[in-house]
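Chemist: Would you mind keeping the following structure in view while I ask a few things?
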Amino acid sequence: MADDKKKQLEESKRLVELFKASSLASKKPKGHEFWDTQPVPKIDDKIIESGPIENKTLDDVRKDPLTLPPAFEWIELDCNKPEELKEIYTLLYENYVEDDDNMFRFDYSPEFLKWALQPPGFLKEWHIGVRVVESKKLVGFISGIPATIRVEGKPITMVEINFLCVHKKLREKRLAPVLIKEVTRRVNLRNIWQAAYTAGVVLPKPVAICKYWHRSIKQQKLVEVGFSAIPPKMTMASMVKLYRINDEMKHPLRPLTKEDVPSFKVLLDDYLSKYKIAPEFTTDEDVWHWFETRKDVITCYVKVDESTKKVTDAFSFYNLPSTIIGNAKHNTLKAAFSFYNVATTMSITDLVGDALVTAKKMDYDVFNCLDVFENSTFFKDLKFAVGDGDLQYYLYNYSTPTKKSSEIGLVLL
């Protein structure tokens with residue numbers, strides 16, 4: 001073990017030395033220096049109309065990859081190769097999103113990453129890594145997937161950008177902007193000029209600022225790991241009683257089947273048309289990819305009208321556990337994240353209540369939800385508590401007036 005730690009320390013020092021010798025480390029950016037060069041609105045811009053910020057053609061796009069220092073190289077990662085999928089997993093597991101107190105770190109499973117990175121029409125060239133030439137160690141990653149996103153009623157071909165991750169020892173070395181520029185270049189070469197992304201930090205300029213809400217399922221565990229606390233004048237026993245979830249669903253919902261997809265797509269399309277920013281699932285294949293129940297990845301239940309055989313209601317949530325850092329008793333927090341929910345024959349409160357029952361049966365610790373869609377209407381009745389984290393939504397090379405969180409109909413993983 002001591003030898004392993006020594007090797008890791010030496011490798012980390014070596015990474016920093018390699019970057020110190022490179023041009024990328026020559027100047028530390030200040031403020032939003034990088035974003036001020038990009039086609040995004042400035043923080044204090046007052047936006048009245050929607051539309052592209054700059055119009056380019058393929059002739060304007062650099063044909064060769066951006067230059068990296070000699071010690072580093074670009075790579076396209078193939079999620080169908082287990083060893084390359086494991087490299088992405090390891091980089092994210094060791095270096096990706098942690099909470100502000102460094103108590104929890106997202107743990108995206110390899111199966112989840114395959115689902116997130118390989119929808120219909122995905123391109124391997126948009127799964128971009130940076131390796132150390134000598135050791136072949138993956139030290140940076142960014143991904144894009146194709147999407148059609150409707151903004152103010154207008155469908156736009158975009159990419160969803162996700163999983164931007166740089167090795168901890170190379171933070172502040174200006175590698176993230178290079179990754180962003182390179183994925184932008186490759187996307188532009190496909191004649192796509194807009195993107196959607198989210199971040200826990202404020203950059204120029206959020207199109208919406210959304211809040212996370214949390215519903216406790218296993219109260220005792222959540223207190224033991226520091227995720228929540230016992231409220232004043234309550235005991236653990238009274239807290240457990242207060243947050244008890246029913247054992248059985250109120251309504252006859254079952255997992256989505258392939259036969260349900262055409263009518264489920266109609267239901268989903270109609271529901272999403274109400275929102276100012278929302279995806280368009282263009283084919284049945286898209287819908288089946290994103291909503292087919294996959295163990296430890298995504299769960300989708302539907303209610304079907306027995307006479308018409310049409311889907312009338314649906315809930316879905318995805319599985320995103322977190323590693324618990326430095327807790328002697330627990331090492332994983334099993335969290336369900338609300339995805340897309342549509343209620344037409346029952347209240348949205350009853351529908352999500354049944355989702356909570358399902359999550360409880362599946363042994364989740366907590367159910368997380370953004371205040372997008374109409375979600376804020378059920379938070380009080382279902383005993384959700386507001387979290388301390390915000391999630392900012394952004395559009396690249398597209399400006400549109402700032403939206404309320406309830407006007408957003410899009411969930412990015």
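Just so it is clear, glycine is given a Cβ too, placed from its N, Cα and C backbone atoms.
So Swiss-Prot says this about it:
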BINDING   Phe34, Trp35, Phe163, Leu164, Cys165, Val166, Arg174, Leu175, Ala176  tetradecanoyl-CoA binding site
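Explain the structural surroundings of these features, please.
Modeler: For the recorded site, Phe163 (tetradecanoyl-CoA binding site), the DSSP three-state label reads strand.
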Chemist: For each of Phe34, Phe163, count the other CB atoms within 10 A of its CB; which of these binding-site residues has the top count?
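Modeler: Answer returned by the neighbour count: Phe163.
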Chemist: Where's the emptiest Cβ shell within 10 Å among the binding-site residues Cys165, Ala176?
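Modeler: If we count Cβ atoms within 10 Å for the binding-site residues Cys165, Ala176, the smallest count is at Ala176.
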Chemist: Which number gives the other C-beta atoms within 10 angstroms of the C-beta of Arg174 (tetradecanoyl-CoA binding site), all protein chains shown included?
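Modeler: Taking all protein chains shown, Arg174 (tetradecanoyl-CoA binding site) has 20 Cβ neighbours within 10 Å.
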Chemist: Could you check what DSSP calls Phe34 (tetradecanoyl-CoA binding site) once collapsed to helix, strand or coil?
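Modeler: The residue in question, Phe34 (tetradecanoyl-CoA binding site), is coil (DSSP, three-state).
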Chemist: State, in Å as a whole number, the widest CA to CA span among the tetradecanoyl-CoA-binding residues Phe34, Trp35, Phe163, Leu164, Cys165, Val166, Arg174, Leu175, Ala176 given in the record.
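Modeler: Spelled out: the longest distance between any two Cα atoms in Phe34, Trp35, Phe163, Leu164, Cys165, Val166, Arg174, Leu175, Ala176 is 19 Å.
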Chemist: State the three-class DSSP label for Ala176 (tetradecanoyl-CoA binding site), counting H, G and I as helix, E and B as strand, and everything else as coil.
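Modeler: DSSP assigns Ala176 (tetradecanoyl-CoA binding site) to helix.
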